[in-house]
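*Asks:* Pasting the feature list from Swiss-Prot:
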BINDING   Gly11, Gly12, Gly13, Leu14, Ala15, Gly16  FAD binding site
Amino acid sequence: MNNMNKVIIIGGGLAGSEAAWQAANRGCQVELVDMKPEKYSPAHSSPLLGELVCSNSLRSNDPTSAVGLMKREMRFFNSLIMDVADSTAVPAGKALAVDRDKFAEAITARLESHPNISISHREVTAVPEPADHPTIIATGPLTAEDFAESLAELTGRDRLAFYDAIAPILDSESLNMDIVYCKSRYDDGPGDYLNCPMNREEYERFISELASADYMPLKDFEDAKYFEGCLPVEVICSRGVDTLRFGPMKPVGLPDPRTGQDPYAVVQLRMENAEGSTYNMVGFQTKMTYPEQKRIFRMIPGMENVEFVRLGSIHRNTFICAPELLADTLQIKKRPDLLLAGQLSGVEGYIESAAMGLLAGINAARRAMGEELVSPPAEMALGAMVGHLTKSAAKNFQPSNVNFGLFPAWEKKVPKRFRGEKRAEASALALEVWNEKWQISEQV
């Protein structure tokens, strides 16, 4: 393969497969490198490309949901993943689920038969040296140790994580502001935190439920070695009834305006976006099952009817600190010949990983062809996801799936029942204008 219009992609999961398809369809000569079957991660067992490791569900197909919007945008750009998913779908109500074996078989067959794609099965142990052609890194959440070590040398060790620790994010409009109050500890700051106060009885009942909750079991390839600075709330709880009250739920310096006194305990909520439409629960990363999170966290005063934008989780996941390292084109800022895609870039979920592969493939092709690289508008699901990667606060960055909390705030209040529809309309318009300007969907 000569360097003319050459693109190399490392990793044959959903992101790498989609990236290869997009770049090849734009006339690039693509080398897709995957270490299977020479070497397998602890979670993989099939030699096929596009292997689904956990669930076979690709979530909602509803075009007024955030992930449904992302799927619609991907289909517009002739997504391999979406096309194969649609053709291998199994009955799943309003969700899109696939026959995982047929899904991986079809992806592999489509890529192997593409005239512009060559596939190599070998392990890449180091980040490639700077080159004239673009390289997409899509090695996934279980990136092999040697490659992760090399990537850490490039990014800085403090900018590469090996576990994500995600606390729930909630819709601020669903909070009971008759109970919840704004205040920074000891008034040290402008009062950016929201506080949910508890008396002793409420706290002890909450702790009791937390201690007996149902939890997601660890996968075979995960272990329970957590960082002390980012412990699951249930692990802290197991160390004693008052441990949380002297940790994330410390009430000192946060007097309740209704009483003028410090509460017995407090749950703090930190603003997740500049508009204040979503907040995260400070220190509440958890492995509780989703139903248990909803049940137990709605016991918190002021959160009785709370609506969650994202629920908490903790699992093995290699990912970079995207806000410090990535441009909105998915290029590594200090190495513009390198693009990142998939969960390694800081997204969560099959569709989100494939979507970042789609964008990386488009931009790698544009770079190889000498064209200007593009970034989707924030009104699109693709753009909202890129915004999370590049505009979040670096200090607290954690992976996320696509959700409406990542989209721009409404200029005027929109009734809740119409929000999905309005997001879909705005996304469709933004997509049309963006594509018309840059001619992104043009295929060779």
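The backbone N, Cα and C atoms fix where each Cβ goes, glycine too.
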*Asks:* Taking the recorded FAD site as Gly11, Gly12, Gly13, Leu14, Ala15, Gly16, identify the other residues of that chain whose CB atom sits within 8 Å of the mean position of the site's CB atoms, giving them in sequence order.
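*Replies:* The surrounding set, listed in chain order, is Ile9, Ser17, Glu18, Ala19, Asp34, Leu49, Gly50, Ala138, Thr139, Gly140, Ala341, Gly342, Ser353, Gly357.
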*Asks:* Would you mind ranking the binding-site residues Gly11, Gly13, Gly16 by how many other Cβ atoms sit within 10 Å of each Cβ and giving me the lowest?
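*Replies:* Among the binding-site residues Gly11, Gly13, Gly16, the lowest count of other Cβ atoms within 10 Å belongs to Gly11.
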*Asks:* 10 Å Cβ neighbour count around Leu14 (FAD binding site)?
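*Replies:* Taking all protein chains shown, Leu14 (FAD binding site) has 34 Cβ neighbours within 10 Å.
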